[in-house]
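To keep things clear, I will list the structure first and then write my remarks on it.
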Amino acid sequence: MAGIRVTKVDWQRLRNGAAHHTQEYPCPELVIRRGQSFSLTLELSRDPDCEETLIFTVETGPRASEALHTKAVFQTSELDGGEGWTAAKEAQMENTLTVSLTSPPNAVIGRYLLSTRLSSHRKHSNRRLGEFILLFNPWCAEDDVFLASEEERQEYVLNDSGIIFRGVEKHIRAQGWNYGQFEEDILNICLSILDRSPSHQDNPATDVSCRHDPIYVTRVISAMVNSNNDQGVVQGQWQGRYGGGTSPLHWRGSVAILQKWFKGRHKPVKYGQCWVFAGVMCTVLRCLGIATRVVSNFNSAHDTDQNLSVDKYVDFFGRTLEDLTEDSMWNFHVWNESWFARQDLGPSYNGWQVLDATPQEESEGVFRCGPASVAAIREGDIHLAHDGPFVFAEVNADYITWLWHEDESRERVYSDTKKIGRCISTKAVGSDLRVDITGLYKYPEGSRKERQVYSKAVKRLFSVEASGRRTQIRRAGGRCLRRDDLLEPATKPSITGKFKVLEPPMLGHDLRLALCLANLTSRAQWVRVNLSGATILYTRKPVAEILHESHTVRLGPKEEKRIPIAISYSKYKEDLTEDKKILLAAMCLVTKGEKLLVEKDITLEDFITIKVLGPAVVGVAVTVEVTVVNPILERVKDCALMVEGSGLLQGQLSINVPTLEPQERTSVQFDITPSKSGARQLQVDLVSPHFPDVKGFVIIHVATTK
């Protein structure tokens with residue numbers, strides 16, 4: 001009988017794509033998820049004999065082998081089942097055979113080659129059928145990345161846009177971000193990120209064999225999204241100077257960044273800051289099939305020496321002494337959470353895992369962070385892998401202020417020690433609302449349970465047996481901080497102080513505030529108030545001083561007084577960074593030697609509105625109207641609107657804005673033609689060389705037909 005051969009393969013893209021929730025990927029290859037069957041129809045040169053079976057081979061990566069689980073050989077059977085790869089006949093007609101192939105739920109993810117031969121053709125080589133891409137599967141209960149809620153899967157795996165929360169604790173602002181995981185080439189780029197990792201370059205076969213494990217894959221991606229140790233995607237820059245690259249605030253999504261890295265032959269893209277690293281990592285992990293979200297932590301500690309204390313050294317005007325202060329508290333910091341099981345730790349630590357691609361500290365010699373179990377952080381189990389002490393400190397460290405004297409002695413100043421880790425936020429499932437998830441990371445601030453967890457973490461951190469670290473840490477001034485230092489409170493002063501904003505702090509306007517002081521005693525007190533103010537980066541690093549003045553105030557028994565503060569636009573306009581942030585400080589020196597530090601972070605507000613003038617339908621042009629205001633008291637030209645949105649327009653759109661008189665309001669209209677249905681995010685930024693970008697976004701619900 002003549003030999004039988006496969007003459008044609010139908011990958012059944014529509015059927016498989018719908019079943020595997022992968023129909024949005026525009027790849028030439030079939031994209032499927034592990035632990036779930038997919039169907040192929042093979043056209044044969046003749047009908048196979050009843051005793052003939054098809055033998056399939058799947059292989060991924062270099063030097064694929066069954067020992068490394070990067071290769072599997074299996075044959076069709078009438079029964080579906082088995083622990084490894086399986087194949088079953090679905091239907092057989094004249095010269096055609098439809099088979100169902102199933103991968104194990106712990107299969108290695110990546111690009112596979114599929115080939116086949118007939119069982120009767122032992123001497124013949126395999127017939128190559130083609131390539132497919134296998135992803136993690138949050139819909140499969142046996143997969144470590146399984147997520148039970150369909151609403152959460154839609155949000156954290158399939159939503160290609162989102163919101164990143166920035167600003168300060170008292171004034172949180174939403175910024176749109178285009179993840180774009182289904183855009184052209186993005187899946188291929190995400191797989192290439194894995195292949196560019198140092199572990200793959202060192203031992204590619206072993207590296208690929210580890211890609212069944214979400215712990216391993218997310219840790220690799222955490223390192224590769226930054227460029228500090230490798231040919232990673234994004235280069236960080238926190239100095240406010242972005243020559244030769246793009247300011248972090250000018251990015252509106254991940255797609256342009258990933259495409260630039262790939263087309264530039266893996267040269268790091270300049271520049272990123274924390275929300276950019278988090279946005280890019282969210283794109284990569286959602287693209288690979290791991291449920292991922294972006295999380296913002298306000299008043300986020302960067303505890304350089306991991307002693308669970310952020311120690312800030314200031315002068316008599318409350319100004320940070322940069323040379324002495326190693327730790328820092330950022331206005332906000334953005335990281336990721338991904339959902340998967342922790343087979344290495346046990347089921348108590350399954351669920352959300354912190355991952356942070358921002359290069360802050362090295363982890364096992366590489367700039368990366370996580371995965372750290374959120375449940376472990378909440379319980380103070382910081383000894384568990386990975387990077388628990390650093391993440392715990394980001395949300396729990398005590399904020400301690402030291403006044404530095406000329407004789408190099410220091411004195412603890414009363415301030416809010418519990419300001420770290422506030423308003424931990426993420427986008428709500430299915431809406432643009434902000435959800436406060438602080439309770440997932442720690443017990444209520446100041447509660448007995450929260451203090452117990454903090455003490456437990458301190459003991460674990462300083463235990464040589466548990467962590468191998470020394471029990472004391474040398475700090476500025478040559479003094480060592482011991483464990484007991486971290487638990488002793490500062491003396492509470494007999495006055496209180498608080499900054500109050502008298503008018504909304506608008507970009508381009510003068511600032512009007514007051515320092516409100518209150519005497520808590522029944523006796524009169526004199527207070528010396530040293531005020532300072534500076535423009536800052538979002539890391540709270542000062543850029544330029546804009547306020548420096550002193551007042552002496554007499555407070556009668558139980559009296560309250562206000563000290564008015566005015567900062568003109570001319571004072572701050574030259575030194576305001578794109579973060580649009582100002583830090584005010586008041587060092588209050590009370591009669592009996594008591595000292596109180598009061599601080600206020602301010603983000604300047606701006607204005608932009610976006611309206612869609614009519615129903616949005618796939619393939620039909622619709623007009624968008626954007627209204628902007630020149631925020632400054634000067635005539636400006638060379639302004640433009642930068643527009644972006646997956647499924648709404650191809651790439652980025654630049655629209656010139658006419659010359660704007662001081663504080664003039666104007667509207668600009670343009671058309672977009674949606675290409676995809678559903679909720680779509682349109683981002684519009686007003687860009688000008690005369691003031692920081694004004695950012696806005698709107699969600700557009702696109703219908704398939706009118």
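Keep in mind that glycine also has a Cβ here, set from the backbone N, Cα and C atoms.
Just so it is clear, the model here is predicted, and its values are computed rather than measured.
Listed in TrEMBL:
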type	residues	note
ACT_SITE	Cys274	active site
ACT_SITE	His333	active site
ACT_SITE	Asp356	active site
BINDING	Asn396, Asp398, Glu445, Glu450	Ca(2+) binding site
DOMAIN	266-359	domain 'Transglutaminase-like'
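Within 10 Å of His333 (active site), judged by CA to CA distance, lie the following recorded positions from the set Cys274, Asn396, Asp398, Glu445, Glu450: Cys274.
Each of the recorded positions Asp356, Asp398, Glu445 was scored by the number of other CB atoms within 10 Å of its CB, and the largest score is that of Asp356. Between the CA atoms of Cys274 (active site) and Asp356 (active site) there is a gap of 9 Å. Same-chain neighbours of the Ca(2+) site beyond Asn396, Asp398, Glu445, Glu450, judged by a C-beta within 8 angstroms of the site's C-beta center, are, in sequence order, Lys418, Ile420, Gly421, Lys442, Gly446, Arg451, Tyr454. In space, Asn396 is the closest of the binding-site residues Asn396, Asp398, Glu445, Glu450 to Asp356 (active site), judged by Cα positions. Broken down with DSSP, the domain 'Transglutaminase-like' (266-359) shows 18 helix, 40 strand, 36 coil. Cβ environment of Asn396 (Ca(2+) binding site): Ala301, Leu308, Ile377, Ile420, Gly421, Tyr441, Lys442, Val453, Tyr454, Ala457 lie under 8 Å away, each six or more residues apart in the same chain. A C-beta separation below 8 Å, combined with a sequence spacing of at least six in one chain, links Glu450 (Ca(2+) binding site) to Lys442, Tyr443, Pro444. In this view, His333 (active site) is surrounded by 25 other Cβ atoms within 10 Å of its Cβ, with every protein chain counted. A sphere of 10 angstroms centred on the C-beta of Cys274 (active site) encloses 27 other C-beta atoms.
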